[in-house]
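Look at TrEMBL and you will find Tyr113 tagged as active site, proton donor. Look at TrEMBL and you will find His175 tagged as substrate binding site. Residues or ranges marked as domain 'NADP-dependent oxidoreductase' by TrEMBL: 97-355. Marked as signal peptide by TrEMBL: 1-20. The site 'Lowers pKa of active site Tyr' annotation in TrEMBL covers Lys142.
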Amino acid sequence: MKLVLLVLCLCVFLIGKASSSHIQTTTPRSSTTKKPNMPVISEEDYLKRIEELTSGKTKYGRYEKMSYLALADGSKMPVLAAGTALLDPRLIKYQIGAAIDLGYRAIDTAYIYGNEKEVGEAIQAKIDDGTVRREDLYIMSKLWSTFHRTDLVEQACRASLEKMGLEYFDLYMIHNPMSFKEGSDPIPKIATVLQYSQHDYLDAWYGMEDLVNKGLVRSIGVSNFNSQQIQRILDKGRLKPMVNQVECHPYLTQERLDNFCAERNITLSAYGVLGSKGTPADMKSSFTPVIDDALVKVIASGSAVSPAQLLIRYQIERGHNVVVKASSAAHMWDNLQALSFNLDKLQVNALNALNTNKRTFTFKG
């Protein structure tokens, strides 16, 4: 689990930096990811969790009013996506199954999460039982940093599709702008020093464009990119990013980046919107999670909604796609209710005023 958390934090730390763009001539080994260590749970607790997840549809029904965002290429992206980072692989089948049963239609995953096979099996199970068709779902994944060499992009994408049992991704993003040395280690180091590739994200982008031409992905985007890095893609690439997925919440409103993207018709996808309260303390900043902020609680109470629903709705009001993770059917259903109310400008502005440019995720070497 620490490896995956380190990766997530590293993505944020690396925003704003650029890697070199020299030519790499060696052939990399095939890359693999490591499974996170899972906490020990009793058989009784495990069975209770499965029961809660599988009974969600009967207890809550299905949310039938999912909202969609129109991307610049004409495709439609569900406004709310189920996140899969750090989910327990023993429960993923039931968690993703419950999310689809309850009405989620977008699933956000990534190679580095190490659970593509489990997520794919969960999706296929809901297709097989007739709950959804593939075309009803919006599957988002990400290219990892050891695959930025142009000729490796298609290999990586095809490998992820094969693991997930899919023919295409609806959205495929470059996970972060830094390019690591090609090989089997997702975070290659000598001693404690990160090893970088001689390629950079622009080389990866050229490969991403080819994926669209070959029908392996419908849309392409980036994650954890700043405005200068996006502008470089706009200047050099044939296709522009449809989405930029970044950490975003009232403590980190990303206003300048949001405006930059909006002016160029690039949709912002927000993660960490609740403050990632469940992340271990040694892997994130020490300030109070935004979901526990006093003002957030006051505004939520005044609107008769939960702090989580308020924070999700805040992103929706700003025109963002929202990636939110929940491990129980009850929380999944509660999060969906953020689609059923609105915030006024005063409430949005009050939340904006909490901005201090604080990042939840930090990299500590």
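Every residue, even glycine, has its Cβ placed from backbone N, Cα and C.
Caution: TrEMBL annotation is automatic and unverified by curators.
Here the features listed in TrEMBL are painted onto the structure.
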residue : record                               : Cβ within 10 Å
Tyr113  : active site, proton donor            : 25
Lys142  : site 'Lowers pKa of active site Tyr' : 26
His175  : substrate binding site               : 24
Here the Cα-Cα span from Lys142 (site 'Lowers pKa of active site Tyr') to Tyr113 (active site, proton donor), rounded to a whole number of angstrom, reaches 10
Mean per-residue pLDDT in the domain 'NADP-dependent oxidoreductase' (97-355) works out to 95
